[in-house]
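See below for the structure under consideration.
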Ligand SMILES: Nc1ncnc2c1ncn2[C@@H]1O[C@H](COP(=O)(O)OP(=O)(O)OP(=O)(O)O)[C@@H](O)[C@H]1O
């Protein structure tokens, strides 16, 4: 009984730590906020599509992969800046490689996006919906503007502010 109590508290602590790490990425990384805004709008747009469960799964895995990779990239930047506060070729190369991993994921996420969302029938449904309810265009306009202001306006990469 006490074992499970300690097991659960350890699990709770590691979950809290993971959440703290993710919140740190959102607060300090502009790119992570851009990924979140993009994921929100892509999922909202998917309402016009008749995706199967497998297609939704692919969409969610793609979003998770890009954001997970961005979090690992941030971890590499934090480690490199923490252990090599001065310019160092190894730290620089590690950062380049981590950024390259994000780039690969983002490129293939864009390919998955085109494969899933390029659908003339869905474009027709969207056009029909917004022709019937033109005021509804205000919703994506407002959420996109608010999302971009949040993503770009909040403090950028705190790591960048360190003097190298
Ligand atoms: N300590 C360092 N030593 C050598 N080069 C560095 C160092 N820190 C950064 N660089 C170089 O500058 C680039 C940008 O580093 P920075 O820490 O600003 O990442 P970033 O622009 O925030 O990346 P991302 O957009 O992926 O979050 C690195 O990819 C690397 O080439």
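Note: Cβ is positioned from N, Cα and C throughout, glycine not excepted.
As recorded in TrEMBL, the features of this protein are as follows:
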ACT_SITE  70  active site, proton acceptor
BINDING   70  substrate binding site
BINDING   77, 95, 96  ATP binding site
BINDING   77  divalent metal cation binding site
TRANSMEM  34-51  transmembrane segment
TRANSMEM  57-76  transmembrane segment
TRANSMEM  97-121  transmembrane segment
TRANSMEM  133-153  transmembrane segment
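Overlay of TrEMBL annotations on the structure.
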residue : record                       : Cβ within 10 Å
70      : active site, proton acceptor : 25
77      : ATP binding site             : 22
95      : ATP binding site             : 18
96      : ATP binding site             : 10
Leading stretch by Cβ pairs under 8 Å, where the reference is the transmembrane segment (97-121) and the options are 34-51, 57-76, 133-153: 57-76
Contacting recorded positions for ligand 1, chosen from 70, 77, 95, 96 when the Cβ sits under 6 angstroms of any of its atoms: 77, 95, 96
Check: same-chain CB within 8 A of ATP site center, minus 77, 95, 96: 73, 76, 80, 91, 92, 93, 94, 97, 98, 99
Where residue 77 (ATP binding site) sits in the secondary structure, as DSSP reduces it to three classes: helix
Residue 96 (ATP binding site) to the residue listed as 'active site, proton acceptor' - Cα separation in whole Å: 13
Rounded Cα-Cα span from the residue listed as 'active site, proton acceptor' to residue 77 (ATP binding site), Å: 10
Cα-to-Cα gap, residue 70 (active site, proton acceptor) vs residue 95 (ATP binding site), nearest whole Å: 12
